[in-house]
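Annotated features, as they stand in Swiss-Prot:
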| type | residues | note |
| --- | --- | --- |
| TRANSMEM | 22-42 | transmembrane segment |
| TRANSMEM | 53-73 | transmembrane segment |
| BINDING | CYS64, HIS68 | Cu cation binding site |
| TRANSMEM | 94-114 | transmembrane segment |
| DOMAIN | 157-305 | domain 'GAF' |
| DOMAIN | 348-585 | domain 'Histidine kinase' |
| DOMAIN | 613-730 | domain 'Response regulatory' |
Amino acid sequence: MDCNCFDPLLPADELLMKYQYISDFFIAVAYFSIPIELVYFVQKSAVFPYRWVLVQFGAFIVLCGATHLINLWTSTPHTRTVAMVMTTAKFSTAAVSCATAVMLVHIIPDLLSVKTRELFLKNKAAELDREMGLIRTQEETGRYVRMLTHEIRSTLDRHTILKTTLVELGRALQLEECALWMPTRTGVELQLSYTLHHQNPVGFTVPIQLPVINQVFSANCAVKISPNSAVARLRPTRKYIPGEVVAVRVPLLHLSNFQTNDWPELSPKSYALMVLMLPSNSARQWHVHELELVDVVADQVAVALSHAAILEESMRARDLLIEQNVALDLARREAETAVRARNDFLGVMNHEMRTPMHAVVALSSLLQESELIPEQRLMVETILKSSNLLATLINDVLDLSRLEDGSLQLDVGTFNLHALFREVLNLIKPVAAVKKLFVTLSLSSDFPEVAIGDEKRLMQILLNVVGNAVKFSKEGSVSVSAVNAKSESLIDPRAPEFFPVQSENHFYLRVQVKDTGSGINPQDFPKLFCKFAQNQEPATKNSAGTGLGLAICKRFVNLMEGHIWIESEGVGKGSTAIFIVKLGIPGRLNESKLPFTAGLPANHMQMTFQGLKVLVMDDNGFSRMVTKSLLVHLGCDVTTIGSGDECLRILTREHKVLIMDASITGMNCYDVAVSVHEKFGKRLERPLIVALTGNTDQVTKENCLRVGMDGVILKPVSIDKMRSVLSGLLEHGTVL
């Protein structure tokens with residue numbers, strides 16, 4: 001039997017029931033949709049710490065929705081089954097609700113702590129945002145610094161550097177004005193040198209001792225200063241509030257080796273002043289990163305300015321060096337011109353002096369061999385010795401000139417070393433005998449008899465050194481000793497740079513000349529080897545000499561890779577001259593092309609040349625006559641001519657010797673020699689060709705030999721010298 005517990009509803013109640021039906025339906029739909037949404041988003045979330053709470057909460061919502069849905073059938077008469085379902089649903093909802101409420105007691109504190117952590121994370125996020133802002137600011141500052149550094153370093157012109165700095169700072173920091181004050185040369189004022197908006201700023205100056213300037217110069221970073229300070233009054237007067245102003249010092253680095261002319265004389269601490277102004281009537285202020293940017297740029301400008309100063313000074317030094325090089329080159333050319341003029345003058349004087357000397361020596365030697373009374377013979381010998389002394393003096397001057405310009409070369413040949421020493425002693429002994437000096441010669445047992453070197457220069461050294469010993473000795477003795485020097489005897493402690501090296505192909509000749517003469521004052525040692533310098537002691541003032549001997553000897557010794565020095569214990573205690581020269585050993589060098597210049601045998605001195613046909617070519621009639629006289633005296637059949645053309649016309653195979661003056665005008669002697677070779681062809685059919693010259697240079701000798709001449713004779717020529725020349729020609733076919 002059905003149970004009907006409800007009374008029939010009125011029409012108004014039916015309307016209310018419809019609204020309740022609709023409300024319960026939508027409540028149920030909402031309750032059912034919420035768990036679906038929760039499940040969807042929880043699955044999308046990677047981390048969710050309260051999944052069981054979510055399950056309980058979802059069950060609670062679903063049961064609540066179920067009660068509202070079941071309630072649709074309980075508003076009208078219903079069966080017992082519906083009542084049981086409704087009761088079960090409500091009981092389940094109550095159980096789940098209580099369990100969820102109990103669980104929330106434990107969860108709510110965690111949820112509150114989550115909120116706290118959320119606030120903490122928000123604070124951390126804000127702090128990270130600030131740090132990121134600082135990093136971005138630093139990166140931006142670094143970018144500006146790199147950009148400014150690149151612009152500044154792109155040039156080394158300091159005006160461009162400073163102008164670029166102001167322009168780039170103005171663009172980067174959006175400045176209204178930027179100015180640079182440089183110290184004046186006096187260093188007591190700062191002068192306005194560069195501004196951002198004025199191409200040619202008026203040179204305002206302010207005292208460097210102003211408090212605001214001292215404040216900036218004493219700080220290591222940019223400093224805010226008053227917009228009304230003296231260095232900041234660069235903007236036009238307006239009613240707007242002026243923007244903030246900062247100033248920073250720019251170190252002018254001290255450069256000890258460089259000084260720019262239009263910069264001040266820098267002290268160890270000298271600064272320029274850079275002033276930067278923000279736009280007027282703006283609320284903008286200077287930030288820390290902007291001030292840091294200004295500091296970095298100031299340091300970069302200081303470095304760039306130092307580089308620019310170095311470059312400017314280097315360019316100035318380069319220009320000065322170029323000017324000095326031009327002046328030196330001009331001086332060198334003038335010196336070379338002077339040397340050439342001197343050499344030309346000496347060459348001309350040498351030739352012009354030797355030509356008349358040739359006549360004096362030749363005629364004096366002819367007179368010497370004639371029948372003369374003792375007084376006449378003495379006068380002739382005096383004339384001959386004086387002429388030879390004059391010739392020696394000319395040779396000394398020419399040799400010294402060539403030694404100084406490096407044109408003198410050794411005439412190397414094979415010679416008899418023993419004969420050379422004996423000849424020197426034979427020349428010195430007559431002078432020593434007059435002064436009653438005892439002269440001795442000592443040659444070591446291992447002393448080589450034959451050597452390779454310049455015999456003439458070695459004899460000149462010996463004659464000078466031994467001659468000085470005789471000249472400055474009034475009594476006593478002069479001893480000459482020569483040894484084949486060993487390593488221990490080659491060292492002079494006063495000349496450590498002289499370090500000879502022994503070899504199998506060479507040996508070192510050590511000559512010592514000791515006398516008992518006037519000695520040497522220690523203060524005169526530095527002047528001994530200077531040209532035209534002589535000992536100033538009273539005992540030696542009257543001694544003859546030009547002061548060239550030892551100077552030339554030293555240069556000859558140096559050419560022979562040797563060393564020369566003089567020792568003396570003082571005035572009146574004598575002196576010892578020692579020299580070492582390097583000579584070659586025959587048989588161990590390739591001396592096949594070296595001439596042998598040993599002395600001629602004595603019987604050559606007595607030879608006559610009766611009937612020897614000789615042709616003499618000289619355009620100087622006086623010199624031609626003198627040469628002819630010498631040859632006629634020797635018994636030669638002499639023909640004289642004055643030109644090269646005449647020589648080639650007259651010269652025949654009957655002529656055995658052709659003597660030509662090397663300085664003949666017109667067809668010169670070289671052309672004549674070449675023509676003679678062409679005319680006669682074979683060597684045995686042509687005459688022997690000899691040049692007679694007053695030029696002592698090696699070039700003349702080489703030119704003569706190059707064109708096929710057989711020898712060169714240097715003026716002046718005595719009868720003995722002419723006899724030796726002819727003997728050498730006829731015996732060896734050459735004379736050097």
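The backbone N, Cα and C atoms fix where each Cβ goes, glycine too.
Since the structure is predicted, the reported quantities are computational estimates derived from the model, not experimental observations.
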PLDDT averaged over every residue in the domain 'GAF' (157-305): 79
Spatial neighbours, same chain, of CYS64 (Cu cation binding site) - Cβ under 8 Å, 6+ residues apart: TYR31, THR93
CB within-chain contacts under 8 A for HIS68 (Cu cation binding site), separation at least 6: ASP24, PHE25, ILE27, ALA28, TYR31
Within-chain partners of the transmembrane segment (22-42) [C-beta distance under 8 Å, separation at least 6 from its ends]: 48, 51, 54, 57-58, 61-62, 64-66, 68-69, 71-72
Non-local residues, at least 6 beyond the ends, that sit with Cβ under 8 Å of the transmembrane segment (53-73): 21, 24-25, 27-32, 34-35, 38-39, 42, 82, 85-86, 89-90, 92-93, 96-97, 99-100, 103-104, 107
Secondary structure content of the domain 'Response regulatory' (613-730), with strand meaning DSSP E or B: 53 helix, 25 strand, 40 coil
DSSP-derived helix, strand and coil totals, residue by residue, for the domain 'GAF' (157-305): 44 helix, 34 strand, 71 coil
